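Trainee: Straight out of TrEMBL:
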TRANSMEM  12-28  transmembrane segment
DOMAIN    33-380  domain 'Citrate transporter-like'
TRANSMEM  35-56  transmembrane segment
TRANSMEM  62-81  transmembrane segment
TRANSMEM  102-127  transmembrane segment
TRANSMEM  147-169  transmembrane segment
TRANSMEM  181-203  transmembrane segment
TRANSMEM  257-277  transmembrane segment
TRANSMEM  289-315  transmembrane segment
TRANSMEM  327-354  transmembrane segment
TRANSMEM  374-399  transmembrane segment
TRANSMEM  419-438  transmembrane segment
């Protein structure tokens, strides 16, 4: 853990002002999501609270950024190959083109794509096709957009590679891909069923009206046709399966997730995707997200150096009754509430050192399973992001695509689903995680 030196009071005040200003600015002006954290980091560097050497050496999460690069490149290349889109078309045919059945299938595909690849990439690949389905059926796209938002966040909570917050938490807590699936898999599956039932209940009339319309299954779009494209999908599918298998056994063979993701991306680039894709794939990588991540962690470094993080962790430890159960519940609900009203990446950058301080204090007191707080943080960050459509990158992408579209979802309409679902999911998660916490002592 990073140890904060005794800093003057002005440094703590200035670090808090910069953090609050950047956070408020990002909430009010989504357009500048990457520039504002970088500007805040620059202010802390210029003020001397964080030195360039400590920022590069101690605070910027290089391994998580490396993992993000490999995962994003692989997801972008697989998107270009059309695997997820083809799976959606085949599923539409299997379900007979029934909107209510297709809602379940598209949510399952979104969750799997978010957990095995990247939540934003899964949303970008599946959303246009889903909107085309809804248009051909003559029904609003709102139920599918809402369902995909919930599913992508749930898939991200299951995995330590699907979202940037998940990668950061997994790297900080040294969590394995298989362990996150083992610990959070049953909970995620239960919540995915709950999410489907809630979306179906809200849009029951719309979906049932669509089910009564006699239609033919949607045909494959032109981008998925052609023998050359279909032939390229076969080796792409093999590489995807090998990557997924590598993620699950990475902790056994001792290979880092980032190396597996990078190797998969390299194989896809060299052996699978033709030259037309090479020229486009790296243009899809969200470099602004990495800039924002580095900026937020430098800001978090300023909060550490000025003593704010240590003070916050100490206050939380003192405020709790002194047992691990209450501390786990507090981390779950506080991170979820914070993620619902702010940027989940910003929350993660600040929460990681706070939770790290808590774990160190618990371990010093003899707690045997204090490191399980990392799973609690992983769940709380993603479940809280379901409350609104501005807290995660995948939700922002879906919400932005719906704006101004006939039958698209509105901010207020999503809140009718997001807030109740977040409350019920956090209640179930509290029971599940506390049971896990004490059931394996």
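Think of each number as a place in line: the chain as shown, counted from 1.
A Cβ is built for glycine as well, from the same backbone N, Cα and C atoms used for every other residue.
Please treat TrEMBL annotations as automatic predictions, because they have not gone through curation.
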Trainee: Determine which residues of the chain contact the transmembrane segment (419-438) at the Cβ level, with the cut-off under 8 Å and only residues 6 or more beyond its ends counted.
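Mentor: That would be 150, 183, 186-187, 190-191, 194-195, 198, 324-325, 328-329, 332-333, 336, 340, 369, 372, 375-376, 379-380, 383-384, 386-387.
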Trainee: For the transmembrane segment (12-28), find every same-chain residue at least 6 residues outside the stretch whose CB is under 8 Å from a CB in it, and list them.
Mentor: 36-37, 39-40, 43-44, 47, 49, 295, 299, 302-303, 305-308, 311, 341-343, 346, 350, 390
Trainee: If you count Cβ pairs under 8 Å, which stretch among 147-169, 289-315, 327-354 touches the transmembrane segment (35-56) the most?
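Mentor: That would be 289-315.
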